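Here is what TrEMBL says about this protein:
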- 21-40: transmembrane segment (TRANSMEM)
- 22-627: domain 'Major facilitator superfamily (MFS) profile' (DOMAIN)
- 60-80: transmembrane segment (TRANSMEM)
- 195-222: transmembrane segment (TRANSMEM)
- 242-266: transmembrane segment (TRANSMEM)
- 272-304: coiled coil (COILED)
- 317-339: transmembrane segment (TRANSMEM)
- 354-376: transmembrane segment (TRANSMEM)
- 388-408: transmembrane segment (TRANSMEM)
- 433-488: domain 'Kazal-like' (DOMAIN)
- 512-536: transmembrane segment (TRANSMEM)
- 557-579: transmembrane segment (TRANSMEM)
- 599-623: transmembrane segment (TRANSMEM)
Amino acid sequence: MGETEKRIETHGIRCLSKMKMFLLAITCAYVSKTLSGSYMNSMLTQIERQFNIPTSLVGFINGSFEIGNLLLIIFVSYFGTKLHRPIMIGTGCVVMGLGCFLKSLPHFLMNRYEYESTVSVSGNLSSGSFLCMENGTQILRPTQDPSECTKEVKSLMWVYVLVGNIVRGMGETPIMPLGISYIEDFAKSENSPLYIGFVETGTIIGPLIGLLLASFCANVYVDTGSVNTDDLTITPTDTRWVGAWWFGFLICAGVNVLTAIPFFFLPKTLPKEGQEVNADIIKNENEEKQREEFKKEKNGITKDFLPFMKSLSCNPIYMLFILVSVIQFNAFVNMISFMPKYLEQQYGKSSSDAIFLMGVYNLPPICIGYIVGGLIMKKFKITVKQAAHIGCWLSLLDYLLYFLSFLMTCENSSVVGINTSYEGIQQDFYVGNNIFVNCNADCNCPTKMWDPVCGNNGLSYLSACLAGCETSIGAGINMVFQNCSCIQTSGNSSAVLGLCDKGPDCYMMLQYFLILSATSSFIYSLAAIPGYMVLLRCIKSEEKSLSVGLHTFCTRVFAGIPAPIYFGVLMDSTCLHWGTLKCGESGACRIYDSATFRYIYLGLPAALRGSSFIPALIILILLRKCHLPGENASSGTELIETKVKGKENECKDIYQKSTILNDDELKTKL
């Protein structure tokens, strides 16, 4: 008897350790998948400049992740629970690693990055040909040499990034639905929220690491080690700068593969945590597994799929919740994906600084909001109706605060020949026909080349040549241009490389914007847990896995894929000056109309979020109309199945079969 007890105790400890091992492994998987996702979103601007492609195409590349994900999400959500879940999750991590590696390949297959400049070619300074020289010739004019034009096909290398992102999306598919269902199946019901909360911390740690990695890589020149960075005439704040985007993808690939290893050593099933483990139970479990396998072979694995889909489709609260999620995801996908670009264009920050500020100001409040929201739900035993009201009204508060961001603005960068006249007068339309004036009419300057300089009069010019500069001193980024005839000052006119700074007032506006962003992130994350509770509590327990998968599928199809594309098209429409390739073709956008860009970036999400409150209010009305018997302040989230009469019958099919009983109260009732 003593040996039997010892064997049982050893078996229980082994099962408990395997559950802890799975929790650690799935948390690491969450870290790795969110690390890869946040890094990809942060590198969109670098990819746009590297391949000289418009923002709309970058949006399509970003949305391709959702394409890969939706190809498998329904299959995995339903059939995955009937297969070996840990092995499927491990395989998904390996596939994610492969996708990240594919995205880094173009760097090794392409030549070195060459940015447009009137100052240098391949890092070698030209001897004065970039200055204003009467009847002179300028370097890097668009060429008609067929051999050089053929080389521009290298820009099609972005297809590797597209395919790699699709593959990464396919690999990420099994992690969330199968990981959560594995915990739900084998953990105690009272421990399950704690375990899931522990796992969800990975969704905060991963993006934080990803943003820090992206900030570092964006500050390192893309071809560092291959070129002498001292010869560069651009800095990280320049819109032609490309960071070492490829390096971070290699790190993400390695992390994803490493996190896959533990899953291949975990069992397909575990005894339910907390059950008394004895020989009879072990024997009964084995017999039950055999009966289940026989039943699957007899009835088929898909017999419940269509009935479950029909049940979910006829659940009005669930379908309205999906509608709310789709509308709001359209807004937030755009805001998150293009926030670094907004900070660059609106406040004049470098990509590296924009990514770093985005992570520091937004992720900690989100983490705190999740924790506080969960504690409130547990402390006050919030019901489903109360959770719906909390989520709705907190979201409304965040929405109203959001409008303050329209006041935190900076003026357009004053670039002579684009949005400003040579007299320093701002203009709301493109003045490209007025690039040449008396001071530079005889300089023979290139008109499409983007190589801006900042004059000591506070205005920026397309190039030193168009500023009428005749001499220069220094080399590289420290070069200073002198005797600039178009720069009207009382003393000696001069200019330096790069756009002029936006000034201290703009810096203060940036601080206000970041503080508002942090506050909004906290409020919205505070509403996330109550909202998620409404999703899970309005469906039957056996439909949870499929319902979460269907919810994810809809948000990806109707938000994750199209949102970055149409948002990118709208952003491209605000471009004031496009980069120029060797053959005269347009490259990436160099400067946007800040005012129009702001109205699109802030206004479109505001319109989308506003419309989402219509179905949200309908959900509140439906919940109010459905008087749930047995639900009171002390009953927490339980929905007790009872007979209902009158108007309550309308809600019977929705809630009656979704009975969830607290374990302690269940024991009391029995």
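Cβ from N, Cα, C; glycine included.
Automatic, uncurated: that is what TrEMBL annotation is.
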Counting Cβ pairs closer than 8 Å to the transmembrane segment (354-376), the top stretch among 21-40, 195-222, 388-408 is 195-222
Positions on the same chain near the transmembrane segment (557-579), where near means CB under 8 A and six or more residues out = 52, 54-60, 62-67, 69-70, 116, 240, 325-327, 329-330, 333-334, 337-338, 341, 415, 418-419, 430, 450, 462, 586-593, 596-597, 600-601, 604
Interface check, the transmembrane segment (21-40) with the transmembrane segment (195-222), three or more C-beta pairs under 8 A = yes
Mind tallying the domain 'Kazal-like' (433-488) by DSSP state, helix then strand then coil?
-> 5 helix, 11 strand, 40 coil
